[in-house]
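Undergrad: The structure under discussion is supplied below as structure tokens; questions concerning it will follow.
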Amino acid sequence: MPPRPRPVDPPTEVIPRVEDDYDDEYYDDDEYYDDEPAAKDAPPPDSVARKAVRGVGEALITMGLVVLLFVVYEVYVTDLLSAEKQQDATAALDSEWSSNVVTPPPADPNRQSKLNLIEGKAFAKMYIPVFGNDWKFSVVEGTTDKHLEIGPGHYKDTAQPGEAGNFSIAGHRVGKGAPFNDLDLLQSCNSIVVQTQTQWYVYRVLPMRNEVAGWASNPKSKEAACTGVAPLSTTLGDAYAKTVGQEIVVPTQGEVIAPIPHQVGTTVPADKQARLLTLTTCHPRFSDKQRLIVHAIETKSYPVADGFVPPEMTEG
Amino acid sequence: MYGWIWRHLPGPLFLRVIEAVVLVVGIVALLMFVVFPWAEPKLPFNNVTTQ
């Protein structure tokens with residue numbers, strides 16, 4: 001059998017390369033997907049719950065910061081604002097005193113010349129030597145918030161400096177210049193000096209409640225500073241039994257600034273009344289639950305003269 | 001809130017930082033000089049007078 005001729009392979013057909021970008025694009029895409037593992041590290045898109053929780057958290061932090069800022073405002077910023085107002089009030093008072101024709105001293109020494117008090121205007125200067133030489137404030141008329149921003153304020157309708165009755169002053173204990181910050185540190189016989197255009201008045205803190213009983217035998221009562229200071233119940237009678245150097249009362253006890261403290265109903269002729277000074281501020285510090293009250297009695301007065309400073313001013 | 005504000009501040013990074021500082025100072029000033037003086041008398045911290 002003759003061999004069968006082998007079938008001839010057809011020549012390999014060369015197909016020319018098709019020029020299109022399709023494959024390249026495909027590979028590009030593939031490279032994009034290679035990045036996937038890195039993308040997995042990024043957080044998933046925020047869900048609504050996540051956003052809400054974060055919003056609440058941020059709001060709470062913000063409110064905390066606002067409260068802290070308020071403390072800064074209350075304790076420091078109000079001091080700055082009030083210092084400016086106090087300066088203005090003092091400057092106005094100084095210019096008034098220096099320009100004003102000094103009212104001649106009253107012919108009858110028992111008759112006080114009344115000061116003309118205008119609300120919101122300073123009318124006297126106040127010094128507490130034991131608090132240091134730099135402790136001085138101009139006292140304004142009126143005790144509203146606006147007035148007390150300027151400095152210690154005189155309760156309207158209470159006595160004037162040096163008058164029989166109760167010359168009463170309120171002052172801030174925290175912020176706003178904090179004139180009465182250290183009022184709780186005042187001891188019996190410490191002097192509080194008030195200066196008007198024509199007179200210096202020296203008031204001294206009355207004996208404290210626990211000093212009243214043994215005052216006569218207390219060595220302190222013999223000190224020069226305590227001249228003229230004695231428990232009022234022994235010198236002026238029972239009407240003054242509750243008037244001691246320092247007391248803490250509730251805010252509604254307005255009777256502490258009555259002409260005779262704690263005696264509201266009784267009318268006592270002015271010539272039988274002591275010449276008192278009463279300071280009020282808040283207590284305890286940073287709270288308005290109670291009021292800290294300091295009572296003092298006038299022991300001396302001097303006419304204002306050029307270059308004269310009462311010896312009590314150097315105490316402390 | 002803070003992230004949202006930051007994303008909406010225009011400009012390059014240093015400009016955004018400046019804008020953020022200006023915002024903070026402005027809000028603090030608003031609180032100190034307007035909001036707190038208004039709110040303070042309504043709060044029971046600093047009453048010193050007797051009634």
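Just so you know, glycine gets a Cβ as well, placed from its N, Cα and C.
Annotations in TrEMBL come from automatic prediction, not curation.
Sequence annotations record features per position, and here TrEMBL assigns region 'Disordered' to A:1-46, A:93-113. Per TrEMBL, the feature compositional bias 'Pro residues' maps to A:1-10. Annotation comment: TrEMBL describes A:20-36 as compositional bias 'Acidic residues'. Taken from TrEMBL, the feature active site, proton donor/acceptor applies to A:HIS172. Here TrEMBL flags A:CYS282 as active site, acyl-thioester intermediate.
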Undergrad: Using C-alpha atoms only, work out the spacing between A:HIS172 (active site, proton donor/acceptor) and A:CYS282 (active site, acyl-thioester intermediate) and round it to an integer in Å.
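TA: Distance between the two Cα atoms comes out at 7 Å.
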Undergrad: How many other Cβ atoms are found within 10 Å of the Cβ atom of the residue listed as 'active site, proton donor/acceptor', counting all protein chains shown?
TA: 25
Undergrad: Once near-sequence residues are set aside, which residues in the chain of A:CYS282 (active site, acyl-thioester intermediate), 6 or more away, have Cβ atoms under 8 Å from its Cβ?
TA: A:HIS172, A:ARG173, A:VAL174, A:ASP288, A:GLN290, A:ARG291, A:LEU292
Undergrad: Using DSSP with the three-state reduction, classify A:HIS172 (active site, proton donor/acceptor) as helix, strand or coil.
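TA: Looking at the DSSP assignment, A:HIS172 (active site, proton donor/acceptor) belongs to neither helix nor strand, so coil.
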